Every structure is written in C-alpha cells, then in structure tokens.
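**Q** Before anything else, here's the structure in question.
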Amino acid sequence: MADVSGSELSEEKEAEIELKKRQKRPWDELHKSGKIGITPDLPETLGFYDISAVRRREQREAADPSLTRFISAELTRGYFLEHNEAKYTERRERVYTCMRIPKELEKLMTFGFFLCVDAFLYVFTLLPLRVLLAVLRLLTLPCCGFSGSRLLQPAQVCDVLKGLIMVLCFSMMHYVDYSMMYHLIRGQSVIKLYIIYNMLEVADRLFSSFGQDILDALYWTATEPKERKRDSIGVIPHFFMAVFYVFLHAILIMVQASTLNVAFNSHNKSLLTIMMSNNFVEIKGSVFKKFEKNNLFQMSNSDIKERFTSYVLLLIVCLRNMEQFAWNPDHLWVLFPDVFMVVTSEVAVDIIKHAFITKFNDITADVYSEYRASLAFDLVSSRQKNACTDYSDSVARRMGFIPLPLAVLLIRVVMSSVKVQGALSYTCVFLCYLGLVTLKVLNSIVLLGKSCVYVKRANMEDKLFETPAPPPPSSSSTSSSKTPSRAEASCPTPPGESKMEPAPVTLCSPPPSSSCSVTTQPSPRTDLFPPQPTDHSPAAPPPRTPTPTHEPEPPAPPLSKEEEEEGEGERRRRRQQQRLN
C-alpha cells in the first residue's frame, strides 16, 4: 500500500510540474507537432501566430515604451471576420438583393406597362365595337321580340355608358383652347410653374383615387337588379357626376402636358431640370418610411401608372411640337435628348427608391414576382365567364389608372394636330384603326399567355376554378346571410388579399366533418339523427342503439303545457319531502 500511494504522489507531482512548464512555455508542444495553434496566450500578427513575437513583446514590455508599443499594436493588429459570420453573410445578401432589384423591378414594370397599354387600347378599339353591338341589340328588339327581364346585359349597359361619357367629354373638350392654355402657362415664372406642376401631380393622384369610385357607383346604379331595394340618387345624377369628373380630369392632364411642353421649349432648360429633380425628392419622402409588402405593392402599382402616364404625356408633347414645325422629322431629333432625360430619370428614381426600400425593410427581391403573379391573376380571372368586372376596370382599381380621361385628351390632341381631308385620309385613318385592333389582339394574347405562366408558377391556378357548393335548404334568415358569400365566391381573389376577405370555409354548406368539394354528395337523412357524442375514448364501446326485439309500449297522449307544469311542480314537492324525511 505504501508503494502504491508513493507512486500516485509522484505521478501527481510530475503532472503539476508538466502543467507549470506548459504555462510558462506554451509553444514547446507546437514545435514538436509542427503546427501553430490558436491560443489566447500567443499574439496574432496579420492573421498568423508567431512564437518569436512573444519574446519580442517581453523585451518591449521590459523597456516599456508605451507610445511605441501602441503604434506597433495598431499596425500589426489583426481580426477574424468568421467570428461574426452570420452578420457579414446577411450584409452580402443585402448587396446581392440590391443588385437583383433593377432586373426584378423592370420585369414587373414591363408587365404592368403592357397591362396599361391593353386597357388603354381597349378604349379605342373594342369599346366602339361593343357599343355598336349594344345599339344594334336595342334597335332589333322590336323585330326579334323581347325575352328576359333586361333590355341589355350589365356589361353592355356599362359599355354604352362609357361610350356616352367619352362622346360628351370629347364634345366639351372642343371648347378648350390648347394654344391659349399653352401661352398662358408660358407667361408664368419658373417658380410658379414648378409649384403648379407639383400641385398637378398631387391632384392627378386624388382624381384617380376618387374617379374610379364615381364610375363604379354609376355602373352599379345602372345595372342593379330591380327587385332589390335601391338606396341611390338615380342613374342620371350619377351619370352627370361621371361626365363632370372625366372632363375635369382631362383638363387637368392637359394642363400637365402644357407645362411639360413649356419646359421642353424653354431656352435654358432650367424648368425641365427642376421638374426632373422633383422626381428625386420623391426618394426622400418614401425611402425612410416603414413599408410592408402590401404597401410596397401599392407603391409599385402607382409607379407603373405614373410611368405610363408620363409616356402618354411625352407623346402629346411630341405631337404638338411636330405640328408646330410642320411635321419636320429633323425636329424629332431635337426633342430626343429631352425625352431621353425624362425617361431615364423616371427609371433611375424607381430603381433607387425600390432598392433602398427593400434594403431598409428586409424585403427580398422575390416579392416582385409575387406582385407580378397577383396582376396576372387579375387578368386571368377577368377573362372567365363568371367574372365580376371588366378587365380595364380591374386594372383601374389595382393601379389607379383610369383610361377614359387620358383617351379623351389624346383624341382631342390628335384630331387638332392631324387634319383629315379627302378619301385617302379617311382610308389611312381606317388602316390605322385596323393596326390598333391588331396590336390590341396580339398584346392581349401575349399577356394572357404570360399571365397563365405566372399564375402557374405561383401555384394560384386552383383559386381560379374554386366553385362554391350549392347552399342547403334552410330558412330565409340563413339564406339571406349566405347570399353575399355566394356573390363573393363567384369572383376569386389572389392570396395577397385573403386577409380582407372572409375565410373560404364559410362557403361550404356541409358540416365541418365533410369535405368542401363540389362533387361530394351529402349522406341522406343525416339531419334526422342527433350527432354522435365525441367525448368518449376510442377504446370505449360505442353507445348502444335501441333494438326492436321488445314490443314498445303504447305512447302516452300528449300533455298540455299546464299539465306539464303541474307535474313538474308535483315532482319538486316530492323531492323536498324526501329531503326533509
């Protein structure tokens, strides 16, 4: 035992001595293994550890030159970025996101731009033909006989109203002198014009937001079923409100185009520069605000509408200038630098604004593909037979782009700039109309194909074919409460708007245990039996049902309410007497 304890003590002493040696000279084992490890006792010099640095540091500490040691430490100090790997990886992903923003944003802008082109060309090409078909239907009703409760379909009524609004507003625009308005604006100072242009932009947004509500109110008032109780002021007041709105909005856009034309024709181009710098002020007002995905979607739609409107304004300015110079093609090259500056500033401001908004709000670049799929969903759903609205109206609600005022102004400018005289001129106008129809059809086909692809990529095609189950026979109260849900079910909505709509479970008429498919048939006579209790454990036997083996006793005659109350009171008195006994 003494030998064993002595050997253990000697081993412990040797271990302590070895530990002290390692603490004094920690690099001995590193020389033996041929590797330099990372230890806190060894100083680092630009990413590697040096043993001789320890000796040099001890010598410097002995001399203790503090300033020299500080400067040397600053020059040779190193650090390791992998110690905070997650942070630097996130910063790199942000840079990559900012690099992807221009590509993804321009994809969305291009798709939205052609959506606006499709809705704008619809006013010039298909809307006159639809109005003509509706008028022919009205004229042929006495010959063909009246069948049904409506003279015209709701879509035809809306088309006729749009046509009447455009005709009335175009006739009213003839009394507005574009040249006088141009010279009136040209006589103002630069600062006044800058303020006027900013006020016009704000007014244009306000008019667009409220104008579609006025038009929707008119369409619904004109097509509302007669059997319903109407709480409106009538179709004619709504119609005059819509005409007044479209006329005022067209005048507003005309003043905006005249201001831009004055900026183009100014000698020093100072007004145009100030107006373009106004776009960069928009960055300051939007970049440093908190944005959610829905807010960014609304701002993206507004940017699409503004870009398309600015292109139409540039077209109007070029038409007016080319008319003044007798359609000289050389003058078009004079206008090209200014047009290029306006377009470039619009694109640059949109890219910078969206890049920093996504950076500050931690939004990925993939969100723009979701926005594009949502716009595509609107297009595809509007082409279905049970669509709730026309496609141009859905674009107006989504983007705030109302094509009627812009179309009225463009027709007014074109007819005042281009003189149509003779049979050859009318032939050219007809050929131009055919070209616009061809462009509209091709654009619609390409957009519909692209929209189907985007909807399929986003896995949203199932919502297009959702059909509500037929409502079960119930009382009038339940049927009236389920009427709005059926109306909403006929119009599918994209997933981005699911928060504001009722849950789709309310559309299913069977109980929650059954599926919500249209093909599923309810089991017969289920409403005649009470529901089975669900609180028993699965191991317990199911409740026994009465068997018809024993003859049932003859049923007692039904008791009246007074007899039931007397019997109940008698039973209570008996219970009280039993408790007292």
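Glycine is no exception: its Cβ is also placed from the backbone N, Cα and C atoms.
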**Q** Which range is it, out of 1-20, 41-60, 221-240, that shows up in TrEMBL as region 'Disordered'?
**A** 1-20
**Q** Can you identify, from 98-119, 164-185, the stretch that TrEMBL calls transmembrane segment?
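**A** Of the candidate stretches, TrEMBL labels 164-185 as transmembrane segment.
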**Q** Looking at 131-148, 401-418, I want to know which stretch TrEMBL calls transmembrane segment.
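**A** Checking TrEMBL against the ranges 131-148, 401-418, the transmembrane segment one is 401-418.
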**Q** Quickly jot the same-chain residues contacting the transmembrane segment (424-448) by Cβ under 8 Å, restricted to those at least six beyond its ends, or write none.
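**A** Hits for the transmembrane segment (424-448): 111, 114-115, 117-118, 121-122, 124-126, 379-380, 383.
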**Q** By a Cβ-Cβ criterion of under 8 Å, what residues six or more beyond either terminus of the transmembrane segment (164-185) are in contact with it?
**A** 123, 193, 196, 239, 242-243, 246-247, 250-251, 254-255, 258-259, 261-262, 320, 404-405, 407-409, 411-413, 416
**Q** Under the DSSP assignment, what numbers of helix, strand and coil residues are found in the compositional bias 'Basic residues' (572-581)?
**A** 9 helix, 0 strand, 1 coil
